[in-house]
Every structure is written in structure tokens, then in C-alpha cells.
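> Let me begin by handing over the structure; questions about it come next.
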Amino acid sequence: MQRLIPTLRNDQVDEALISVLNSLSICAKEISFRVGQGDLAGVLGSTLDENIQGETQKKLDVLSNQLLKDILLESTHVRAVASEEEDGIVTGAAEGQYLVAFDPLDGSSNIDINSMVGTIFSILPTPADNSGDASMFLQPGRQQVAAGYILYGPRTMLVFTTGRGVKMFTLDQTVGEFLLTDADVQIPLDTEEFAINMSNHRHWRPEMRRYIDDLLLGKDGPRGKNFNMRWIAAMVADVHRVLCRGGLFTYPWDGRSHSKPYKLRLLYEGNPMALLVEQAGGIAHTGQEAILDIQPDDIHQRISVILGSKNEVAACLNYLEGSQTA
Ligand SMILES: O=P(O)(O)OC[C@H]1O[C@](O)(COP(=O)(O)O)[C@@H](O)[C@@H]1O
Ligand SMILES: [Mg+2]
Ligand SMILES: [Mg+2]
């Protein structure tokens, strides 16, 4: 089985980008170890702090964020990082060619119950003006030169794209190396599985309710087939399942709070997952436009996400046609 760096060289990935991806793989091993230790290392539970988005930070959120910052900002190739756990960007090497946005630990509510969590990352080119402020990160997701995630599950996996399809690596704990276990991930076009937090049903737009209600009617309804539902409560794990066996994942607009109608963040959740999904033959959309086409206006911007198997996402988008926000 091929190791990480030879695989990247085989794909003729730029050496500076290889170096950044290698730094991320080092973070992955360290965070994987800490997640695995849990109570034994005293890393479970919450801190007394909140992040910029008013969410309570778990100790592992803070620790993973610090590790990623420390290791990435050591690199001469990284101009700046943006993180879910940082109010603003943190700058690094003045001449660094790349910007890295990340969600240090996705699925935080799973930490304390020993369920799946992950790290999501997006790598953008430093823009020509190299302004040194947050505006450098406000690029549509299509500009990403690489994107992916690390999944801390029963196996630790590194999954990414550099624009040449999607590759999955599995951490071989005996030698401490990521080994290539899937060289070309393809999402099946059709599916009978969907992922949504059903408890928000009453808050969705009527069009989204109608789509989901029709799925629930199964064979007896207009879709004419039975659907299964899964919800891991960690986007990283739900999207991993979609990449492995297809499905539709959505966190749509909901009307619970006017100031926060969307949950997922564009720069370090929506965009990297959208690039992976498109590279694996799926669709990633907001209901209005392809996620990768959005011009961001804030580094912590939130969006609606509908992604997965091409034909099923297209079916969902049909229901949403004409609705104001998905
Ligand atoms: O609490 P809910 O509604 O199940 O939301 C789960 C969603 O929230 C998230 O956990 C948000 O990410 P963070 O844990 O990084 O804040 C997503 O990964 C997941 O899809
Ligand atoms: Mg997250
Ligand atoms: Mg997080």
C-alpha cells in the first residue's frame, strides 16, 4: 500500500502543497492519539470559554486548534490560518503561498460519548494582494487547491482531494503512517439513504418538509421506494458515509433563530466537503447555487448544505425550486 508523500508526488502535486498536507498529517496523528486517550489524558469535557459563535468550547476543540496552529504556522508555506475556534485569522510566513481554514474538531457533541469526530480543512492560494488580513480568505470554494478531513473513528482516516479525484488513507498505527486504501472514491449516483436532524422538522421551509415527508412515505409515496435514515451529528462522519456508500446529507435553512438560520460554516465545513463531493461525482448545493460558487463575505459565514448522490440531490433541488432559501 502506498504512503502519503509518494502518492502525492505520483500525482505531481506541488512540493509546497505536499509539505502543508504532510503538516496536516502530523496534526492528524497527534489529535488521533489525544482523542483515543480521552479521560486517561484528562481531555474530555468543556472549558469555561465560548468561541466567536457563542458555542461552548470543549477541551479537545481548544487543544486541537492549538496543535493545528502551532504545526501549520511553523511552515514557511502557510501565509495564514482561519479556524472555527479563532475570532480572526492568525498570520504566519509573509511569503507563504497558502491559506488554511479548518474546523479543528467537527462533531464536538460526540467527544464525551466516544463517538466519531474529525478535523476538516480547506487550502486556498494566497491572493496576489497578500493583504495580511481576513479578506485573503474570502475566495469562492472553487479556488481551493486542496481540501479534506481527518476522521477519528475506529480507524483514523485522512481523506482529501488536490483536484485529481478523492483519495482515502488509513492510519496504520503499528508504523505510524497513512497508507492509501482508496485511490479514487466515487459516490453512487442513486441512494436510498438520507441524513438530516429530524428534530428540526417543524422549523424547515415547507418545500424541504415536503421533500423529507415524501422520503418517509417510502414505497407508498411519490418516490416509490423506501429510504433509510442515519444521523451521526458530526458532518465529517455523515459525509464520510456518503463518500463511502452514497446518500444525501443536508443541514438546511431553519427558522428557529432569525440571526442564525444556518448551522454549517462555509469556509471550513461547506467548501471543503463540497470540493470532495464534486470530485467524487456528487452535487453540493445550498438550494440556490453550488456551494463552491459562493463569494464569501465573512470567514465565519454560515450556509445551507445539501450534498451527496447526484440524482438524489437533483431530486431534492426540484422540490426546492422557487423557494426563497433552502
Ligand atoms: O446538533 P445537531 O443539530 O445534530 O448538529 C450537528 C451538526 O453540527 C456540527 O457538529 C457542527 O460542527 P462543530 O461540532 O464543529 O461545531 C456538524 O458537524 C453536525 O452536522
Ligand atoms: Mg464543525
Ligand atoms: Mg468544530
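Positions of Cβ are set from backbone N, Cα and C atoms, glycine also.
Feature table excerpt (TrEMBL):
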type    : residues                                       : note
BINDING : Glu84, Asp103, Leu105                          : Mg(2+) 1 binding site
BINDING : Asp103, Asp106, Glu269                         : Mg(2+) 2 binding site
BINDING : Asp106, Gly107, Ser108, Ser109, Asn197, Lys263 : substrate binding site
DOMAIN  : 13-182                                         : domain 'Fructose-1-6-bisphosphatase class I N-terminal'
DOMAIN  : 187-320                                        : domain 'Fructose-1-6-bisphosphatase class 1 C-terminal'
> By a simple count, how many Cβ atoms lie within 10 Å of the Cβ of Ser108 (substrate binding site), its own Cβ left out?
21
> Pull out the binding-site residues from the set Ser109, Asn197, Lys263, Glu269 whose C-alpha sits within 10 Å of the C-alpha of Asp103 (Mg(2+) 1 binding site).
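Checking Cα-Cα distances against Asp103 (Mg(2+) 1 binding site), the binding-site residues within 10 Å turn out to be Glu269.
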> Within 8 Å of the centroid of the Cβ atoms of Asp106, Gly107, Ser108, Ser109, Asn197, Lys263, which other residues of that chain place their own Cβ, given that this set defines the recorded substrate site?
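Here the non-site neighbours turn out to be Asn110, Ala233, Ala234, Met235.
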> Which of these binding-site residues (Leu105, Ser109, Asn197, Lys263) have a C-beta closer than 6 Å to some atom of ligand 2?
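Passing the 6 Å Cβ check against ligand 2: none.
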> What is the separation, in Å, between the Cα atoms of Gly107 (substrate binding site) and Glu84 (Mg(2+) 1 binding site)?
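It is 12 Å, counting Cα to Cα.
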> Can you tell which of the binding-site residues Asn197, Lys263, Glu269 lies nearest to Leu105 (Mg(2+) 1 binding site) in space, using Cα positions?
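Minimum Cα distance from Leu105 (Mg(2+) 1 binding site) across Asn197, Lys263, Glu269 lands on Glu269.
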> Three-state secondary structure of Leu105 (Mg(2+) 1 binding site) from DSSP?
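Strand, per DSSP.
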> Using a 10 Å radius around each Cβ and all protein chains in view, which of these binding-site residues has the most neighbours: Glu84, Asp106?
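Answer by Cβ density within 10 Å: Asp106.
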> For Gly107 (substrate binding site), what is the tally of other C-beta atoms lying within 10 angstroms of its C-beta?
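Gly107 (substrate binding site) is surrounded by 21 other Cβ atoms within 10 Å.
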> Using a 10 Å radius around its CB, how many other CB atoms surround Asn197 (substrate binding site)?
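Summing over all protein chains shown, Asn197 (substrate binding site) has 14 other Cβ atoms within 10 Å.
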> Just counting, how many other CB atoms are there within 10 A of the CB of Asp103 (Mg(2+) 1 binding site)?
28
> Could you list, ordered by sequence, which of these binding-site residues: Ser109, Asn197, Lys263, Glu269, have a Cβ under 6 Å from ligand 3?
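The ones that qualify number zero, so the answer is none.
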